[in-house]
Amino acid sequence: VLSPADKTNVKAAWEKVGGHAGDYGAEALERMFLSFPTTKTYFPHFDLSHGSSQVKGHGKKVGDALGNAVAHMDDLPGALSALSDLHAYKLRVDPVNFKLLSHCLLVTLASHHAADFTPAVHASLDKFLASVSTVLTSKYR
């Protein structure tokens with residue numbers, strides 16, 4: 001459960017992301033594909049090379065979804081219901097991949113906002129991304 005301090009930290013961190021959410025999403029996806037090559041199996045139709053328009057496009061979707069989640073932190077299940085359905089029933093993504101992408105997102109955010117990435121902000125973002133992952137995998141059960 002996100003505390004009021006966690007919510008404040010997440011909102012402040014996301015404000016600093018600003019218009020870079022899609023770029024950071026794409027960078028996190030690239031990190032994930034390079035660090036965890038098995039994740040590429042869900043994207044057989046994508047050009048996964050650096051700077052690929054398909055990775056950038058999916059990165060924008062990731063960034064937009066996270067922005068929506070930040071805006072609706074008090075109702076993540078409602079905000080992410082359609083996305084949860086898509087990943088559970090149509091795409092059938094292995095739930096562990098959400099944890100891998102979350103880790104890569106944390107690394108990406110830390111690399112771009114090192115001065116602001118305090119231990120408290122890191123912990124809050126980690127809890128937030130874990131909550132998002134839990135919601136996205138809730139329909140697998």
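Indices start at 1 and increase along the chain as displayed.
Quick reminder: no glycine exception, Cβ is built from N, Cα and C everywhere.
Note that the coordinates shown come from a computational prediction; the quantities given were computed from them, not determined experimentally.
Feature annotations, courtesy of Swiss-Prot:
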- 1-141: domain 'Globin' (DOMAIN)
- Ser3: phosphoserine (MOD_RES)
- Lys7: N6-succinyllysine (MOD_RES)
- Thr8: phosphothreonine (MOD_RES)
- Lys11: N6-succinyllysine (MOD_RES)
- Lys16: N6-succinyllysine (MOD_RES)
- Lys16: N6-acetyllysine (MOD_RES)
- Tyr24: phosphotyrosine (MOD_RES)
- Ser35: phosphoserine (MOD_RES)
- Lys40: N6-succinyllysine (MOD_RES)
- Ser49: phosphoserine (MOD_RES)
- His58: O2 binding site (BINDING)
- His87: heme b binding site (BINDING)
- Ser102: phosphoserine (MOD_RES)
- Thr108: phosphothreonine (MOD_RES)
- Ser124: phosphoserine (MOD_RES)
- Ser131: phosphoserine (MOD_RES)
- Thr134: phosphothreonine (MOD_RES)
- Thr137: phosphothreonine (MOD_RES)
- Ser138: phosphoserine (MOD_RES)
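Structure coloured by features recorded in Swiss-Prot.
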residue : record            : Cβ neighbours (10 Å)
Lys7    : N6-succinyllysine : 16
Thr8    : phosphothreonine  : 14
Tyr24   : phosphotyrosine   : 22
Ser35   : phosphoserine     : 12
Ser49   : phosphoserine     : 10
His58   : O2 binding site   : 17
Thr108  : phosphothreonine  : 23
Ser131  : phosphoserine     : 19
Thr134  : phosphothreonine  : 15
Ser138  : phosphoserine     : 15
The correct DSSP tally for the domain 'Globin' (1-141) reads 116 helix, 0 strand, 25 coil
Measuring Cα to Cα, tell me the gap between Lys7 (N6-succinyllysine) and Ser49 (phosphoserine) in whole angstrom. 35
Confidence over the domain 'Globin' (1-141), expressed as mean pLDDT on the 0 to 100 scale, is 95
Close in space, distant in sequence - Ser102 (phosphoserine), Cβ under 8 Å, 6 or more apart: Asp126, Leu129, Ala130, Val132, Ser133
Out of Tyr24, Ser35, Ser49, Thr137, give those modified residues positioned within 10 angstroms of the residue listed as 'heme b binding site', comparing C-alpha atoms, in sequence order. Thr137
Among the modified residues Ser3, Ser124, Thr137, which residue has the fewest other Cβ atoms within 10 Å of its own Cβ? Ser3
Spatial neighbours of Ser3 (phosphoserine) among the modified residues Lys40, Thr108, Ser124, Ser131, Thr134, Ser138 [C-alpha, 10 Å]: Ser124
For Lys16 (N6-succinyllysine), the nonlocal same-chain Cβ neighbours (under 8 Å, six or more residues apart) come out as His113, Asp116
